[in-house]
């Protein structure tokens, strides 16, 4: 096969992952003198790794023109055509669907050309077997195994247009079909996200398709499609889209889990539809979904990396030598991304855009660096951070509330809040505030000291959990000196690290304010008199902070002013643990519990925790 000509676009990138080609549109070559039509078709295909190349419908339309059909039909000297098909001008018009015709035979004619049976086009036109009928299927009444073909709608009715063909010719038609009948990726007619039920073996327009991740949920593939095989360039506003996709394939459910997994799939789909990049730039955009043989798929724009991987990349800025703090462009970008993520989370928590009769509230349920994606951006050369993965998200009214107990969250996620171990604790919007606080604290570590500083913080707060496993969660369970009760508190290592960040040589007033917000309003154990801050109030605070960052050479974010803060009191909160936490403690008789010797206050009791809103 001759090398295809694919337009390549490249540009300046923020990360190494972004320095990749953009798969554009194949530009068909004109026929050279004496070149047969089969060669012209074959040399204008999109390549696929280890699979046969394919034609997009757009490519076929550009090749199989009225002029192309005329030349082919002239060369074949259609002496066998019926009288009404003697006019090859009319045939060419019918094949290409020109002149106001609503049907076309472009795919049919291309296959006939590849099989050197162009002269049979009249039989297909007589039988009205057009492009809309592709793919044809093997006739169910073909008892003699002659590979007779039929329409999908009438599988028991063999098509007359194949009656004089040899078996190998009919089989050749079947083999070519999938390479011309390609799934077109796009929205539905109302410009909404569509869900397709597709048959096994259907051909997608992937010129690359590589597995990049797998787990208990399924697999994630990186796929690339030519731009004439999808319509998403106009959908994605804030990110640079290079025709590269992430395909999330959910595992095929077992029979006993079918209904449960189906419900989970549609819950995530509905969350992604309600809260998408079309609504806000800092929310991930679901492009479409499909199902093949009870296996479900999501399609997203491909992100070069998540925030966890972005942090690990070499920092592409330095401190301003005159001020000792982060140079202005990067400081504005960091503040802008924090504001954007806060706005996006606020949209989830308070979805007034949905205009529902009964007010409802969303939550994400799994904020963490792996679920914040970095994309190259059309609006910022440093890119954009986007909230993704709504697999644990929910949408509730005040009456319905979340009924998912906190103890249902696995013990390993390092951002899990204290109520996951408390009797009556539920996953609600306050859950998101804790996890967002953890995220902002790690981001601050990275901004001031780079990835090494963030990793040092992770190592510092890694202590034995009640299971005996070393974990880097931000809170801990301890027992009182008299062993009468259990208490829960933010880890002392976290409090000390926040104090030290205030004294970091690059710390500005912006970061002092951010650290105070995190420590005093977000990373809190819930008590009768103390709730975490609402996302609306977080947004108000972040908006004020960002406006000060944008004020020219404002000392607010451009002059370092480290502060020696006094370490805050070591306060723990007496609590009733849930059955899961108690079971872990009893398993090894509490040997992994530390002893709290400081001030003790009361946390919310189980009834108060259960009564919290959605």
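Cβ coordinates come from backbone N, Cα and C, glycine included.
Remark: secondary structure over the compositional bias 'Basic and acidic residues' (592-604) totals 0 helix, 7 strand, 6 coil, with classes taken from DSSP. Marked as compositional bias 'Basic and acidic residues' by TrEMBL: 592-604.
Residues annotated as compositional bias 'Polar residues' in TrEMBL: 605-614.
The feature domain 'Protein kinase' is assigned by TrEMBL to 206-549. Taken together, the residues of the domain 'Protein kinase' (206-549) have an average pLDDT of 88.
Residues or ranges marked as region 'Disordered' in TrEMBL: 1-46 (among others).
As annotated by TrEMBL, region 'Disordered' applies to 592-614 (among others). Sequence-distant contacts of the region 'Disordered' (592-614) (same chain, six or more residues past either end, CB-CB distance under 8 Å): 360-361, 363, 394, 396-398, 400-402, 418-419, 422-426, 428-430, 464-468, 476-481, 486-489, 525-528, 569-576, 585.
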